[in-house]
Structures are given as structure tokens and as C-alpha cells.
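Feature list (source: TrEMBL):
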- H86, H88, E92, H131: Fe(2+) binding site (BINDING)
- H86, H88, E92, H131: Ni(2+) binding site (BINDING)
Amino acid sequence: MRAYLYDNLDTDCREPHEQIPSVPVSVEELEASGVLYWRLKDENFADQIDKICEERNYKNRDQITVSKEGLGELFDAKIKTFFAEHLHEDEEIRAILEGTGYFDIRDKKDRWVRIKVEAGDLIVLPAGIYHRFTLDTNNYLKAMRLFKEDPVWTPLNRPCDENPYRKAYLEAIEAN
């Protein structure tokens, strides 16, 4: 995982969009925005996932392949939906199994932070954080999605500042 400030240029969202000079964002800064990260080791990947699920009370999981082959005719529409700025009323938990992509989050100053993820990364975005997702130019990512309850993926597009999960998120990060 590598995180940095997004350059906000109006070019292909699958490009790195790294400011020049680069402005790195540390794991500690991500944590201040409520984002959690683990680097999982290949030799006991499944055990690590199970341990995190037990510790964080994740009860369900599934897998998604985000690619032209994996999503078929829905590919372009799904990529557009994933990249629209939104929030969820549940945590978004992704263990990257194969491929690479980008999660963009809004930090405490409402700046875009780009987080590049690859196989072996597990990321948790808190409920109420504005974010978006895109593939990189390889157009392929396979991820395990973890859920506290039944699998649900309901994006609420910005603006939704009055949403109670958004308000709770803002209160939590202000306390940090």
C-alpha cells in the first residue's frame, strides 16, 4: 500500500495522479481519517483474514473480480459507479487477492488521498467516509469483501452531509 495526495487533474482516473513533487501520506495519517490497513503475508493469508474477522466481528464474505471479463457488460457502468464520490453506512473492508487498484478517500482537510492497493493488502474504510475506487491501467483486481452482517453494498453519493453515519464519522475523527 502506498498513499499520497491526489493531483486533481482531469485525466484518466486509472493513472497514478500523484502530485509533483509527491506528497506522501503515512499510515498514521490514514488512521487519523479512520482508515485501517494490514499487510497480509502469503504463507498464512487465510489465518490472518480469519483472525481479523474474529477481532472485528466480520461474519460474512464474498469475492469480486473487477475486470472486463469479471463484470462483462456491466464493467463500464460499475467502474463509473465505483468512482463516484460516495459513502456507506457500513465499513468497507477489502482484502486484495490479485491485481491492483486505487481507493481515494477524503482526509480530515477534505483533500483527496490516493491509496494504491495490491495483492496482500487489507483496507478498512470507516462508515461515513467519502471515498471512491478505481482500477489502475491493468484493469484487473480480485478482492475479498468482508461484512459485519449480510453482504450489502449501498453507495450514498455526495452530498449527504446530514446522514447520521457521516455525522458520527466526522465526530469520531475530530476527537482524534
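Using the three backbone atoms N, Cα and C, a Cβ is placed for every residue, glycine included.
Features per TrEMBL, on structure.
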| residue | record | Cβ contacts under 8 Å, 6 or more apart |
| --- | --- | --- |
| H86 | Fe(2+) binding site | Y130, H131, R132, P155, L156, N157, R158 |
| H88 | Fe(2+) binding site | L125, A127, G128, W153, T154, P155, L156, Y165 |
| E92 | Fe(2+) binding site | V124, L125, H131 |
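Taking the centroid of the Cβ atoms of H86, H88, E92, H131 as the Ni(2+) site, the other same-chain residues with Cβ within 8 Å of it are L87, L125, I129, Y130, R132, P155.
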